[in-house]
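So the structure is just underneath, and the comments pick up after that.
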Amino acid sequence: CDTGELECRGIGGQPPFTIAELTLDGSDRSDFYDVSLVDGYNLPVRIVPVHRNCTAAGCHSDVNSNCPMELRVLGRNGDVVRSACSVFQTDRFCCRGLSSEPSTCAPTIYSKMFKA
């Protein structure tokens, strides 16, 4: 599946892609939302809630312009950014194995670069 294709024939998309995550009526009847670049970046996404006590979530800057060459790949519609995990496939960048806990999965140069 590429960006813009809504029917994926039962399979997930191929990274890199920006993820918008919504949990409606979750635990304690609360709604949760976030935008994730864990699988890379291909377009800006911003979730703006109607409720005034909630803040917007998203990545509205042009991540491609700041993308290190080692993470950049040319997609059909222009450059997209791969995640460090998909490029390097190490426990450190993928937060798995010995790095699977929040206490052992330290931010990397790449996650710091893209973290809002």
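Glycine too: its Cβ is placed from the backbone N, Cα and C atoms.
Of the listed cysteines (Cys85, Cys105), only Cys105 is recorded by TrEMBL as the disulfide partner of Cys95.
Of the cysteines listed (Cys67, Cys94), TrEMBL assigns Cys94 as the disulfide partner of Cys85. Cβ-based crowding with a 10 Å cutoff singles out Cys85 as the top-ranked of the disulfide-bonded residues Cys85, Cys94, Cys95, Cys105.
When the Cα atoms are compared, Cys85 (disulfide bond) and Cys95 (disulfide bond) turn out to be 8 Å apart.
Counting in whole angstrom, Cys94 (disulfide bond) lies 9 from Cys105 (disulfide bond) by their C-alpha atoms.
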